[in-house]
Amino acid sequence: MPPFKDEQIIVSPASPVFTFSGALILLKQIIAPGSETTVAQLGLPESFTPARLRVRSRMFPAEKEGEWEPYKIRRRNDKPEASAAEPQDGAPGSGENKTNGTEEDVVYEEDRVSEEGAVWPIQEGKIVDWSCFFALITHVYNALNPPFHTPILLIAQPVWTPKEHEKLTQFFFEKFKTPAFGLMDAALASSWAYGVHTSTVVDIGKDKVDVTAISEFIPHIQGRVTSLGGCGGEALTQALFAKLSSRSWSREMCEQLKKSPICEILPAGTPLPGTKDVGEEETITNLAAAASTGAPGSGPAAASTIGNVPRGPGADTEVGDDNNADEEGVLDVASIVTGGKMEEYLAKKEKEKQEKANAKKKGGAEAAAAANANKPVRLPNSKRAKATFLYEDHRLLDNLKNMNLGSEKLAEMQNQLDEGPQRHGESANGETTSAAEANGHVDANTNARSGPIRRELEVGTERFQAASSGVLEKIADAVHRTISSVDEVNKRSELWDSLIICGNGSRVRGFKEALLAAIQSKYLISPSSATMFTSEIPSNISTPTGTGANTPQPQLGPHGGAPSHVNPLLYAATTAQTQHLMPHNPTSHLPGLSHNAHSSHGQTPTSIKLVKPPEYFPEWKDVGFDESAFLGAQVAAKVIFVVDQGQSKGYMTRPDYNDQGPTGIHDYAL
Amino acid sequence: MNTLNSSTAPAAGEYAGDEVSAIVLDPGYSTIRAGFAGEDVPKSVCPSFYGQIEDSSQYLFGENAIHTPASNLQIKNYWGSDGIVEDWDTAAKVWEYAITSRLTGARAGDPARNGLNDDPKQENGEATDVDMETIENQEKPLEESPLLMTEPGWNPTKAREKAIEIAMEEWGTPAFYLQKTGVLAAFASGKASGIIIDVGASHTSVTPVLDGMVLKKGVQKSPLAGNFVSNQIRLGFKQSQPEIPLTPHYLVKSKTPVDAGSPAQAIYKTFSVPPTDSFRHYQEERVLTEYKESVVEIWPGPGRLSNGTNEEIAKSMPGRPFEMPDGWNQVFGVDRFRAAEGLFDASAALTDDANPRPKDEHTLPRLVQAAVQHVDADQRPLLLQNIVVTGGSTLLYKFGDRLNYEINAIYPSTRNKLIAPGPVVERKYAAWIGGSILASLGSFHQLWISRKEYEEHGANIVEKRCR
C-alpha cells in the first residue's frame, strides 16, 4: 500500500497530474437539531473546515422495489415545458429535471425540498434499513465523486455492533473498491477534535444520546451508554409539541421553533418571563433579536439582515393583538389552500392587516414614541414573554405542488402566502423602512420566491420549556452511569472534569449550560465539612513559639505510619497527592487495589467541567463544535493516512482486506 | 467457514487458526459478559436485571431501559437464590439481548421493536423483511457463531441440558461448549491447576482445579458475597444512631451542601405513583456500589477485627467521607471495616430478624479449608501455590491482604501464593477472558459439540462432552 502523501493533499486537486489522495470522510451523524444528516468531505484542506457536503440521511423508494432515489420523484401531468421552467428548486442550475420520456405526457421531476415518503435508514443511531443505507452511502459517494485512489474514513455510531462494522467494511471495499478504509468511533472522534486523551463524550443526537467515557484515547466499551432513546433533539421538539399542540401547532412548526434562536433552555430556577408584570416585553418582535443573536438556522431572511441595522420594533409590532395573532399564526394554511379557500384566506388576512394598520395610525404618535422608547432597551430573549420567528411551511408548498398548478401560478401563490421580511417590506407603507428592508424588497423581486413559504409565528413562554420533560435528568443519569461503570476508580475524577457535550441536538440555546447545571446540581460531591481542618486540634500541642521549637513534628503512629498527633484527616488531605507518604502504603501484591488508597474523597465527582473547545480551528469556531466528531475525523484522517504513513494501523488496506476478509477490520478500527 | 473439522488447515484469514467469530457468554448474577473469542475484554456487559411492566408480559432489557423511573416497572433477575438459573425463558431473552445488542446486531431495530419483546412469530417475519439485501441472511441470532458458555461449578444436569437446548434450538448456533467458570478463571491467569476463589454478587465459590478439571466434590459455595456486603451496609445504616438515610439518585431533584451528619436539604422529586420497591432497591444498590468502592475497607489483619485491640486501631485510622445523593454526608470510621467483616468472620456480621447470623462454614477461610480438604494431601501444596482470586467483590479494598492472612493462618507456608490480577477488568471478567482464550485455541476446535452431534445424541451430550 503506497502511503498517502501530504503534498498530494496540499496541491490543488484541480491538477490532474497528481494522484489525488485526499481522504474521504463520511460521517453518519445527526445534525441541526432534529434532522438526521450525513456530512462528508473529499480531501483534507490545510486548515480544517466544517464538512462541505451535507445530505439529509434519507432516501426515497424508487419506482422499482429495492431501489432508491436521493430526491423525491414526483409525477406530473403537466406540459413538459412548464416543468422545465420550474423555479421551485433550491439549487438552481443543477439540472434537477429528469424528463422521463417527453413523448408521453407523464413527466417525472425531482423535488429537492420535499420529504414526503422519505425512508430514514438510521434511527436512533442504528441502521434499520440496510439497503436504503447503502443507497444513501452510494449517493454521498457519487456526490463527492472521488478519484480512484481515495481512502475512506467512516465515522461509526457507537451503537453499531462489530458484525455491522464487518458488513460495512465489506460494502466499502467491494462496492467502491476503495484502496483503504478506516472506521472511527464517533465519540473517540470527538475527543480527537478537542485534543484531549481522557474525556466523557455526551453526543446529543436526534432521537438518542450516546455517552462514552474515553481514557487515554481508549473508549470504555463496556459501560458506555449507547442510543439512549427519548432524549435527543427530537424529544425537545416533542416537548414543545406537547405544550403547543393545544394551540394547533404542528410538529414541524415546533421543530422549526426549536431551531430558531428564540427557543432557549433556561437554567433551572430562572423564572419564566411573563410570570411577573408583562409590560413592555410584549411589544417587541423578535426579528431583530433573531438577527442580532446570530444563531444559525433562522433561514436566509435572517441571514440577510445580519450585518445590517437590525429592525427595531415598530413596523410589524402587533400591539395587544394577541388573540388575533395566535389564531392567524397557527391556522392550518395547508388544508385551507388545498380546500380551495385560498382566496378567502388571503382576503381575510389582508383585512386583518388593514385593521391593524388603522389601529396603529390611530395611536400613531404614542405608538411611535413607545417604540422609540423601547428601542434602546432591547430585552434579551429570556426576559421576553413572547417572541416570533419565521416558519418555513414545507407542507404548504408540497400541497401547492400536488395541486398541479402551472409554474407561474405556483410562484404567484407562493408569493402571496409568504410572510418573510420581504413581504413586510412591501406592506410597510410609510413606516420605518430600514436598510435591511430595502434590501429585502429587492430580494423579494429577484429571488422570485424560490425557497419555501415563510410565515411568521408568535410563541409565548412555551419556547423555554423544551427540556421540561426530564430530558436533562435522563442524560445526567446516563453520564453518571457511564462514569460509574468505569472500572478504574481513580480515572473517574478526570472523566468528570472533562465533559464534552456535542451533537446537533445540543444546539438549542442554553442546552449545554443547562445540562451541565443539571449534572452538577445532582451529582457534585461537595467537600465534606468533616474533612475540613477545623476539628480536633490536639490539646497537648502548645502554641508554637517564634523559634519553631514547639512546632509539632510528624510522628509515626503505631500502625502504618499515620501520625497520631496530627489530625488524621489533615494528614490524609496533605498526603493525598504524594504516594510514598501514604499511611496505608500498599505493600500488598495487589496493585489494582491501591486505586482508592488514599484521598480525602474516594467518591467522585468533586468537580465537573466542560472541556474547552480547541482554539486553532478558526472555521470550526465560527459554526460551533457540535459536529466535533467530523473535525476529529479530519484530524484522525490526517494522522492515520498522511502523517504516520500507515504506521499506526489506523486503516485497513485492500491487500489486508483480501487477506483477512471483513473480520480483519477489528484489528484496524480506531 | 467450517468450524467443526479440526483436521483441515486453518484458512489464511483465520489468525493462527483462531475461530474469531466464536462468541463467549459468561452470565453472572449481576452482569452478563459476552464477546468474541480472542479479544481481551468482553465487548458487551449487560445487567442481568431486567424490567417488567407490571401485569403485562412486556420485558425491558439493557441498561437504558431499567434506570428510568416508571410507576409500574418491576426490576427482576432470572437467577434463583441457589445460584442456578430459575427463569429460563427470560434468561434466554436477556442473554440474547446481551449478544445481539452489542455484538451481532443480527436483528434490526431497538429492543422495543426488534422482536425480543414481541411474540416470536412477528419477529421472524420482521427480521427476514429487513434483512432482504443483507450480506448474510440470518434468521437466528447465532447461526454463524459457535458459542462457549460458562456455568457455575454446581450447575445441575438439567440446567446444562437446558443451556445447550437454547443455544441450538433458539439461537441456531453451529457448535456449543459449556465450561465451568472456575476452570476458565484459572486459564485467564495462565494456570491449569489451582484454587479459584470467586466472590461474585450473589455467591462466593471456591473451586479446586487440577489439570484443567474441576474436582466436583471439592466445589464450595456460599451466599456470603457482594449482595451480602450490601445488606450488611444497609443494616449498618439502619442500626446507626441516628439512622442513616439511603436515598437513591432518582428521588433527588437537586441537593445543597450540608454539614457532616446533619439532615439533608435536598429538593426531592415527587411521583404520582411511586416506582416499585424492586426499582428502588435496584437504584439503592447503585449508591451502595459507590459506597463499597469509595468507603468500605476490609480489616487487613493480622487477626480479626474483633481481636484484641484491632478495633481500637481501626478507630484511629482516618475515616473516609461519603455523600449520599441527597447531600447527607458523614465520615465513616470504624464502621466501614464492619461492612465486609462478615465475609471472614461470621460472628462479626451484623444481624437482625431478616438477616440471621451467617453460618460459620460459609465464611471464606472455611470454604477454602473445605475445598482443600477434598484434594489429595500431596496435591494441596500445588493448589495453594496457585490461589486465583476473581470476581467483582474481591475488589473491596484490602481484600487480598486479609485473604492472604487467613489462608496463611490455616496453612502456614511461605509458598502460598495469591494470584490476583491487578487490572480491574481482569479481576472482574476473569472467567470470560479464560473463555476467550480457550475458544480461540486452535486445538479447542475438536471439543466443540457440533450441531450434528447434538441432533444425533440429544441434549444429554453435554454431560458426556463438557466435564
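Placement of Cβ uses the backbone N, Cα and C atoms for every residue, glycine included.
Bear in mind that TrEMBL entries carry predicted annotations, made automatically and left uncurated.
Quick caveat, the model's predicted, so the values are computed rather than measured.
Checked against TrEMBL, the range among A:256-290, A:291-325 recorded as region 'Disordered' is A:291-325. Among the residue ranges A:41-61, A:650-670, the one that TrEMBL annotates as region 'Disordered' is A:650-670. Taking Cβ pairs closer than 8 Å, the region 'Disordered' (A:650-670) reaches residues 1, 151, 153, 156, 162, 165-167, 169-170, 173, 177-185, 188, 636, 639-641, 644 in its own chain, all 6 or more past its ends. For the region 'Disordered' (A:650-670), the number of residues in each DSSP class (helix H, G, I; strand E, B; coil) is 13 helix, 2 strand, 6 coil.
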